[in-house]
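S.K.: Pasting a structure here, questions to come.
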């Protein structure tokens, strides 16, 4: 090259604001000395690091991307202790500054969500085929534990529809509650324990990123599928059907509804549908005017009270309306002795625990993050997992089943002005009063009102706007969404999820297997090189073919890329021959977007260089990123390229190579 | 912005060679007019395409990356017919120009590889637990078919060690050849048929890329593991052991060797080891001096002849030396009637067929490509698959088992000067003569010489240099390699392969899940923005934080990236506070290496913008690639960014934004 020794400062538009100021205020007349006016920058290797250092960096990025120990740096021991306490018990972060004003807001929101939690708790427990009282127990202990351990201020904790549904389905396939109620309860609590253990371990091992593999597209489809099934299953309560399938697929549920038409009770249907319409209307009103959130928040409890009064008044006249019946008074009984750690159903309990655990984690963390973003604070995923896990493990010992942050109640909580996790404590206290004194009032609460409440809740899970958006933006995301929707509807919940995750991962692999390659051209008057087919103003640089590869070069695409690049070269040569332009002399591979390379990729680069050398074409690389540069260095491929084959930018490559051609014509 | 209307041509170093010439020959004094001297380029959307067009493009890249119909464009019908004939039967490409000179080379190389194919054929058939004669049959029909259909000029077709080994193992686990020889043969031919069917379908459906998922790293480990097992298994023949396990794992093989010490025959051991040393020595000589390739090429046949003569001379004195015994004279008998398409073993045959099929494909195509690269011609993967498939299907009907291109024989073929596939025909002709007339000569050929030949062949498969290179360049590739090595050695061949493929795919996912993010700085005096930690000359631009993301933004990393970017911003603000620099005002995200985005990624960008807006930080994107731009456009996210939030380069973003700050101080 030889021109590096003779460097000249050259003018290059606006490099940084300081220069910008200078040029912006005066007419500058830079002198450009002839031949060579270009400065060629060397491509730097990243700083040498040992394997241990790299491994440490890699592991810290995997497990500690949020750098949780950052706050502890340069602090006194006492301060570190306090911070550590605050780290493990977020309650210590906000409790010291807690004020009466905050309490007032929290009391209002706490009572509001309690009025929602009572009917929902009873309904969701029925969805899980559990006794209604378990739903109320589950709205008492877990919120208390979450308020100490959790980092979200707006999360309303309790049972939710999806996990209730999944638990109910998975357990009912092997054990029937009506036949073996004790075993069923034992399995539910054991599954809850394993769900908690799984969640806490994910948090403790900082493996929180596994839930990222449930993409939003997958979840949209999954939720919609589950919602359809749940809503149809509720026709049992709404129509007053007695004999109903415990299966979850579309076909058996529909056949249960229509094959028991003799069991339909018109009184139940009339009242149920009326309340359903009422609930849906209040939901619509609140959705249109967020300020009127309290209408939909209050309507479930109001409907429960109203329908109970109605049944009490009509009980002598109307028969065949199923009611909740007797509920035991008193607080959560301990259930540690009900956990099963052996026997034939252990695998089922573990499987159910893991699936409900991961689903409730996903929902809880997504909800927590949503409201944290609205109020501009951070929710630590791994810490939340620990909190969820511990609260479920504690719950499993106190007659609770799987709980998490509920979207609907958290939204109400947020709208009602909750300021801290104290609203959860207020809610739990309200539940305490209910459990201790108000249980007999639910004796005449009809089942159809629970069905109506569940239908109203799950209809909100069908987000068809999101599905339409997926279709518009990304067809493959839509495919993943539909796979999980149809999988849940027609096969089963776990298989639907697995298919959807498979499609999502396949999509990533497809992008890697067949990456985009583009031909770049120069935008006249600049150093910018851009896609020729996208930028009409970009022009081909004669004698050069500039290719950009838009993916890491891996074993999965190295063969394809080699073929594709050779095809580009062949097409370029044909085009040149057809248009009688100056012949191709140099191929520049823009490596900016090649974010990683493996040994197969390096072999491809080496092969390409060999093949092009045989065709007397120069082959150079532009702007390899750090890790790629490092690997190429380690594999000694750089020796064959030498300094001449590597450039920092495409522009410098073009300038340097064409000036070297001028020098030796 | 408003300055676009007032564009000024600005000087920017060397844009393209034409400009280069101008500046290189004279002192130019460009005038830069004050305020605004910068030109801001708009980020273009890719050309609008319908879903169908996109799907078509995507599918054509997946299935027709080599554009096979390219040659047929703008040709007469007659020419198209000829081209089509040449396309399906590559023999028509080279046959018309075939000359006597080429024939001379082909005859020499054909006879050379035949001398290798005879002993190897017998040995590999024994490796597959098949009668030795099947190995010779397999070196006769398939090469003839390949010479008509195949596109490689140097591939020597016949049975190879890996597929023989895998077939032998998989079939022997269910059926023993010594107990049910007919069933075993039937299964072997059926498996071969399915291997061929699978290969041909992959080629026909243009799914050739599936073999790319067997990365080189995986194959290095797999081959080494298989070689170790095979070599140890040959101790049976080398030591003269009679009772030997049919299992493939390390432990049973070793225990077979050492638990039957009473069966060791010292005469066999002495002669076997001597010949092994001889063969390994000739191999070493040929490896050191490629010109002496014929020494290692001739040594197997020479050893067979020598050892046979030796046994004939010693037969009255030495006992207990196992020989091949009677081999039937005559050509391949038809075996169509031996194919099993029903019964309890069908699944086994299909499974064996698919695994041996994919392994032999991988080997054959890799070998074909290697020699094609050396002689600078192209081998079409999908066409090769069709050729392999048809040749195996034909083979299964003529008493042949799975065949492919053998690395060792192809290397000899290449070195012996083979010019076209005619060398395969010559080899087949030599085999024909052998099968018709020479079979009785092998009666006294001892088994130990076959063992020695196999050991010599498979030792070449242990490529520890490649493993060392993997370790040096890419630790995760090395891990995949070790997984397949140990998996094959201790578990089983298919599971070893599955583990290795799993590790390779996991590596891709890991790269996506935790992508690199870097902070960029300006290299003074240029428009180049590069990694601050890698380029010491790069400097921070005051008030800006320029971040580059080195991966597509997907559901699997969108949460991580959001957290990581916020952490970068937090750290930058701390650094600014600690060093009392000018406060952070703008975050630029360089999207050059973000090669794709999905709906989760778009949500992340939207969230980030919201969060940063709340912190009164400007957030802009630089250089989004075509597909990303398109998705952002479809999702309406661009509306919130507006024109001001998108720049073609980081340099233009910095210049434009800082000049807008100057304008409104």
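Placed from the backbone N, Cα and C atoms, the Cβ positions cover glycine too.
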S.K.: For which of the residue intervals A:105-132, A:133-160, A:217-244 does TrEMBL record transmembrane segment?
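M.R.: Based on what TrEMBL states, transmembrane segment spans A:217-244.
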S.K.: Given the ranges A:322-344, A:345-367, A:368-390, A:391-413, which one is assigned the annotation transmembrane segment in TrEMBL?
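M.R.: From TrEMBL, the annotated transmembrane segment range turns out to be A:345-367.
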S.K.: When TrEMBL marks a stretch as transmembrane segment, which of A:14-42, A:43-71, A:72-100, A:478-506 is it?
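M.R.: Feature transmembrane segment in TrEMBL: residues A:478-506.
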S.K.: Check the transmembrane segment (A:217-244) against each of A:182-205, A:345-367, A:421-442, A:478-506 and return whichever range has the most CB pairs under 8 Å.
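M.R.: Stretch with maximum Cβ contacts: A:478-506.
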S.K.: Please give the sequence-distant neighbours of the transmembrane segment (A:345-367): residues at least 6 beyond its ends with Cβ less than 8 Å from one of its Cβ atoms.
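M.R.: Same-chain contacts beyond the flanks: 152, 155, 160, 162-163, 166-167, 170-171, 174-175, 183, 187, 190-199, 202, 208, 210-211, 214, 219, 379, 381, 384-385, 388-389, 392, 402-407, 410, 493-494, 497.
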S.K.: Could you tell me what the rest of the chain brings near the transmembrane segment (A:264-280), counting residues at least six beyond its ends with Cβ under 8 Å?
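M.R.: Long-range Cβ neighbours of the transmembrane segment (A:264-280): 237-241, 296, 299-300, 303, 306-307, 310, 318, 320-322, 446, 448-449, 451-453, 455-456, 459.
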S.K.: For the transmembrane segment (A:448-466), what are the same-chain contacts with Cβ under 8 Å, counting residues 6+ beyond its ends?
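M.R.: Residues 119-120, 122-124, 126-127, 132, 161-162, 216, 220, 223-224, 226-228, 230-231, 234-238, 240, 268, 271-272, 275-276, 279-280, 283, 300, 303-304, 307-308, 321-322, 324, 407-408 contact the transmembrane segment (A:448-466) from elsewhere in the chain.
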S.K.: How do the residues of the domain 'STAS' (A:534-657) split into helix, strand and coil according to DSSP?
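M.R.: Taking the domain 'STAS' (A:534-657) as a whole: 66 helix, 21 strand, 37 coil.
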